[in-house]
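Under the heading transmembrane segment, TrEMBL lists B:12-35, B:55-75, B:87-111, B:131-154, B:194-215, B:235-261, B:281-307, B:327-351, B:363-384, B:390-412, B:449-471, B:491-512. The domain 'ABC transmembrane type-1' annotation in TrEMBL covers B:52-256, B:324-512.
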Amino acid sequence: MTRHFLLAGLAFGLSALGAAAQDRPVLTVYTYDSFVSDWGPGPQIEAAFEETCNCDLRFEAAGDGAALLSRILLEGEGSEADIVLGLDTNLTAQAAQSGLFAPHGHDDVALDLPIEWNDPIFLPYDWGWFAFVFDRNRVAQPPVSFEDLARSDLKIVIQDPRSSTPGLGLLLWVKAAYGERAGEIWQALADNIVTVTPGWSEAYGLFLEGEADMVLSYTTSPAYHLIAEGDDSKAAAPFEEGHYMQVEVAARLARTDQPELADAFLDFMLSDAFQSVIPETNWMYPARRPESGLPEGFSTLIQPARSLLPSPDEAAAIRDEALAEWQAALSR
Amino acid sequence: MASRAQPIEPWIRAAASIAAALVAILTLGTLAAVARRAEGLGGLGSADWAALRFTIMQAGLSAALSVALAVPVARALARRRFPLRRLLITALGAPFILPVIVAVLGILAVFGRSGIVNDILASVGLQRISIYGLWGVVLANVFFNLPFAVRLFLQGWAEIPAERFRLAASLGFSPRDVARHLEWPMLRSRAPGAFATIFLICLTSFAIALTLGGGPRATTIELAIYQAFRFDFDLGRAATLAALQLALCALTALAAARFTLPSGHGAGLDRTVWRWDADRWLSRITDGLVIVAAVAFLLTPLGAVIARGLPALGDLPAPVWKAAGRSLAVALISTGLTVAMALPMALALAARRPPRGLETIGMLPLATSSLVIGTGLFLMLRPVVSPSDLALPVTVAVNAVMALPFCLRVLVPPARELAGGFGRLADSLDMRGWARLQHLTLPRLRAPLGFAAGLTAALSMGDLGVIALFADQDSATLPLQLYRLMGAYRMDQAAGAAVLLLALSFALFCLFDRGARGHA
């Protein structure tokens, strides 16, 4: 028990330090780590919201989307979060099932998504298409489908679906596009895969260092190189099967002690002040296009003709089978 | 062997018990917290057993190779005197303190598809080799851990009294005789512990095995724990897997203790060692070749990391520098805490009848999953305080405990030599408490303490640790900022941050290690 006293003492000291700033109501938003980083949307969004809300917006970060979900499930009813921001549709079925979230009440809002959106709980704030990104100087003829890729000698690096959300997206992409044949596609791809990394950063790093010809990322990735580095050599390969979407969403906790502030945040989330920050910090498409439009470089990006996105329940239902097929095909 | 009849001094016993309790809370306590939340342990599937087999195989191969290769390298370095030798020995330790992803990128710059080795092979018309697979994992693990094993053995060689070599020379010992009568007993006292420690480090490696393993064949237990936590939301299975990992650790610690024999060289007068036995041209050439090979293997990837990041070092953004300051503070406080825990534990372990289970407890942090520690701590702290308010104190505590096994591995053998060589004399003089610490223990253990402190500071500086599970905007450490830069596409700046991290870790390591090292 000594431990608890020690910690309580420490906590007391820390909260005394922070007491001065505590007269304004606090809105606690749980999100993933890259959102709050100095290079992510967090700092600008915090400043913009605090200008209008007369509140203290606090972000708490937990790894990535899947870590965020585990955290909220762990905390359950006792969570201090008012808003959770950063799950994607591959995770929302499990989140909805927990009963921890309340409807967002923004059913009439017009979104700029390539698909219909009618989820009563989760509200999108940005989205993107998964794609294989390559360097035009190294790959002259990019593949036009998974089957084309499997036939080629191109080397790719992908992420592990067990530890990475883009990895899970790729797993479900192949499953959504090929259904029963998914296992066969993975077997055909096995000799193209250089390696499988724990997360997006490692995979993208390996690709940039020349370890692979292509990397699983987003159709928007080339925009970073173009806008931030003035480098137009990176491109995403359009696939005939269509591209799996990642829609990133936020939701309000049912037991929030700041329901009005939480609603105000969801309103703010779809306003220009929030949405205009997204393209050049999260490098995704804003869920509702701001009046100023998209940054210039975004017009050069490929626009997939077909978007693939199973419902959250379908995604949850197929992922165990898809993982088993993936493991079996790549373990040979 | 000298008899050490005296009981352990009370302050040592008390301090060691407190340290052991802290370790137990962070390892067994966090696991219990996770298991309690899961309401019991979960069952394992066939994929988990396959993961266990792969984990043991890669860890066993990596530890065996690291230890086997460390023997000739340490022997060569121990026998030769040449300009810049001390600097070289310090530099050879650098891979051990690198963050995993940085080291992996360095290794790939040398051995990867478009690395130096493949470019050379291709230019002379040979086929390119692929590093990905079991051997890639082993290669990376050896790169990481060989330096640690070399330093342990080097320390062992330094502790063979100069008088023994003098006697050997006057008896006309050949190098083979020296190996048999002086070096082999020293190795028997160190190698089992070194093997066990490296085996356990590799056991929990996850990023190396995954990134270089080439796919799901290379699934380790740690990755299975990740899957249970975040893909299946099955805390029970995660707890079972973590318990399995700890059980393996306990078994390894017991086995290592069984195979360790005391070297029994006794004490000397700390004269400068002169190696008459090695003064022949053949051993000069072989030693030279071994040293050159080790330098090439360990320092080329490091050079690649530095060359890649140096251009970006000048324009690192302000948050990176702030994080560097935070990391330095974390590293220094962790170091103080670790040394305060490791010294009494090592002295207690060196006693004739060490407290039961202490050795195993000292090894447990090696086999603890960082995900389990993070989640367990989270569950334990949450009822009392918001965990993210304590992000940095928690990081300090976890880093301190995580570095403890390395410090014990460094400190216990010399503490045993100390007890064997000087314990009786000190006891007969009734030299105890502060006087003994000041006049005997600290002076005699100065070099290993400095090495242990340097190791802790560097590891704590470079370790991502649990901060990723708790951090908010204002508590990011340098390794976390490095990952965040990578996550924001800024690979050049991340490479610059890696060089900064390497430089700071290395500076801390040198500060403690070289500041304390005498003639080793």
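Here the Cβ of each residue, glycine as well, is placed from N, Cα and C on the backbone.
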Query raised in the report: Does the transmembrane segment (B:281-307) reach the transmembrane segment (B:491-512) with at least 3 CB pairs under 8 A, where each pair is 6 or more residues apart?
Result: yes
Query raised in the report: Looking only at residues six or more beyond either end of the transmembrane segment (B:235-261), which have a C-beta under 8 A from one in the stretch?
Result: 27-28, 31, 34-35, 37-44, 48, 52, 56, 185, 188-189, 192-193, 195-196, 199-200, 203-204, 221-222, 224-225, 228-229, 359-360, 362-364, 366-369, 371-372, 375
Query raised in the report: For the transmembrane segment (B:390-412), which recorded stretch in the set B:55-75, B:131-154, B:194-215, B:327-351, B:491-512 gives the largest number of Cβ pairs separated by under 8 Å?
Result: B:327-351
Report task. Sort out for me which stretch, of B:55-75, B:87-111, B:491-512, has the most Cβ pairs below 8 angstroms to the transmembrane segment (B:131-154). Result -> B:55-75
Query raised in the report: For the transmembrane segment (B:327-351) against the transmembrane segment (B:12-35), do we get 3 or more Cβ-Cβ pairs below 8 Å once near-sequence pairs (under 6 apart) are dropped?
Result: yes
Report task. With a Cβ cut-off under 8 Å, give me the same-chain residues at least six positions beyond the ends of the transmembrane segment (B:194-215) that come close to it. Result -> 54-56, 58-60, 62-64, 66-67, 70, 100-101, 104, 107, 131-134, 136-137, 139-141, 144-145, 148-149, 152-153, 221-223, 226, 245, 248-249, 252-253, 255-256, 363, 366-370, 405-406, 409
**Report entry** Cβ-Cβ under 8 Å with the transmembrane segment (B:87-111): same-chain residues at least 6 beyond its ends
**Finding:** 77, 117-118, 129, 131, 136, 139-140, 143-148, 150-151, 154, 205, 207-208, 211-212, 291, 294-295, 298-302, 304-305, 308, 455, 458-459, 461-464, 479, 482-483, 486, 495, 498, 501-502, 505-506, 509-510, 513-514
**Report entry** Long-range neighbours of the transmembrane segment (B:55-75), counting only residues six or more past its ends (CB under 8 A)
**Finding:** 134, 137-138, 141-142, 145-146, 148-154, 156-157, 183, 187, 191, 194-196, 198-200, 202-203, 205, 209, 218, 220-222, 248, 287, 290-291, 294
